[in-house]
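Visitor: Below are the features listed in TrEMBL for this protein:
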type	residues	note
TRANSMEM	51-72	transmembrane segment
TRANSMEM	84-102	transmembrane segment
TRANSMEM	108-127	transmembrane segment
TRANSMEM	134-156	transmembrane segment
TRANSMEM	186-208	transmembrane segment
TRANSMEM	229-255	transmembrane segment
TRANSMEM	267-285	transmembrane segment
TRANSMEM	297-315	transmembrane segment
Amino acid sequence: MVLIILILTLIFTGFLSLFLGTFPMSPKDVIDTILGENVSDTYNTVIYDIRLPRILFAIIVGSGLSVAGAVYQSTFKNPLVSPYILGTSSGSAFGAALAILLNQNIYIIQISAFIFGIMATLIAYLLAREKGRLSILSLVICGVIVNSFFQALLGITKYFADTESQLPSIIFWIMGSFSGVDWDSWVVLAIIIVGISILCAMRWHLNVMSMSDEEARSLGIDIDKSRKIIIFMATLITASAVSVVGIVGWVGLVIPHISRLIVGVDNTKVIPTSILLGGIFLLITDDLARTITTGEVPIGILTSFVGAPFFAYLYHVQKKAIVC
């Protein structure tokens with residue numbers, strides 16, 4: 001029942017988002033354009049080339065970051081883990097900033113961000129390997145190290161950037177926005193959808209992996225192989241998302257917790273719920289980003305406004321439970 005409600009909510013929110021934007025369109029104009037009864041090139045451009053791809057990207061990116069956060073939290077057995085724990089976001093940010101510094105076009109910026117995001121996680125993974133085995137604690141520590149390293153590189157890049165043109169572009173990109181998405185980035189959507197599908201198919205493994213490694217192996221799970229696949233897919237999703245829309249914080253951290261409050265800790269339920277909730281959350285947030293002012297509000301700012309108070313509330317509830 002929960003999933004049905006969320007699916008209907010997602011469909012309704014997606015349809016409603018077609019009406020929202022700085023360019024005024026009445027409900028009749030939108031419906032006529034969708035049904036092909038409106039021959040206005042302007043309306044067709046607004047709906048099919050601007051709003052529709054933006055809506056799809058918001059849904060898919062929100063779903064991807066949410067499921068990546070959920071599987072990371074389960075794999076690392078740490079509720080405070082986010083999709084950016086292994087340095088993916090800082091690597092992507094440096095890659096994008098470097099491309100902007102070199103005056104590259106948007107597609108080179110996206111490719112550079114994707115490559116450096118994957119590279120950062122790969123470095124953390126290689127540093128954490130010990131005699132062919134992967135320690136979760138070592139991986140988290142190495143992720144922090146790699147994240148700090150790429151943050152330093154990002155700082156150097158911003159220092160050398162032109163303050164009139166390049167630096168504002170770098171800062172706006174880091175804050176996150178869907179303003180630059182279009183159908184030419186369909187490959188990113190495909191990668192994220194494939195990653196989500198694989199992680200969703202492996203959600204039963206996550207319940208077993210929440211046990212000790214010895215217990216998981218006794219149940220026939222190749223813990224090392226499953227962990228590698230999960231981390232790789234979550235990284236692929238995260239790097240793909242960040243390469244197109246920049247850093248969107250809190251989604252992969254907050255949404256899995258909300259999902260657990262709704263359906264419990266069973267990952268077979270948490271993963272699908274996170275996918276739908278993440279899409280709804282980021283779509284609504286993007287609607288606000290493009291309507292609350294005449295300009296474009298960076299979406300990372302709005303997600304922080306939601307994420308920080310929620311975690312304060314969660315801390316208060318847990319603290320109260322401990323006292324009781």
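Glycine is treated like the rest: Cβ placed from N, Cα and C.
Where in this structure would I find these features, and how exposed are they?
Guide: Among residues of the same chain six or more beyond the transmembrane segment (51-72), those with a C-beta under 8 A of the stretch's C-beta atoms are 10, 14, 17-18, 20-21, 81-83, 85, 178-179, 181-183, 185, 189, 192-193, 195-196, 199-200, 202, 206, 230-231, 233-235, 237-238, 240-241, 244-245, 248, 251-253, 255-256, 259, 267, 270-271, 274-283, 285-286.
Same-chain residues lying 6 or more positions outside the transmembrane segment (186-208) and placing a CB less than 8 Å from one of its CB atoms are 56-57, 60-61, 63-64, 67-68, 71, 74-75, 110, 215-216, 219, 221, 226, 229-230, 233-234, 236-237, 240-241, 243-244, 266-268, 270-272, 275.
With a cut-off of 8 Å between Cβ atoms, the residues of this chain six or more beyond the transmembrane segment (229-255) that come close are 57, 61-62, 64-72, 75, 80-84, 86, 88-89, 91-93, 95-96, 110-111, 113-114, 117-118, 121, 125, 139, 172-178, 180-181, 185, 188, 191-192, 195-196, 198-199, 202, 205-206, 209, 274, 277-278, 281-282, 298-300, 303-304, 306-308, 310-311.
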Visitor: Restricting to CB pairs under 8 Å, which listed stretch, 84-102, 134-156, 267-285, is in contact most with the transmembrane segment (108-127)?
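Guide: Answer, by Cβ pair count: 84-102.
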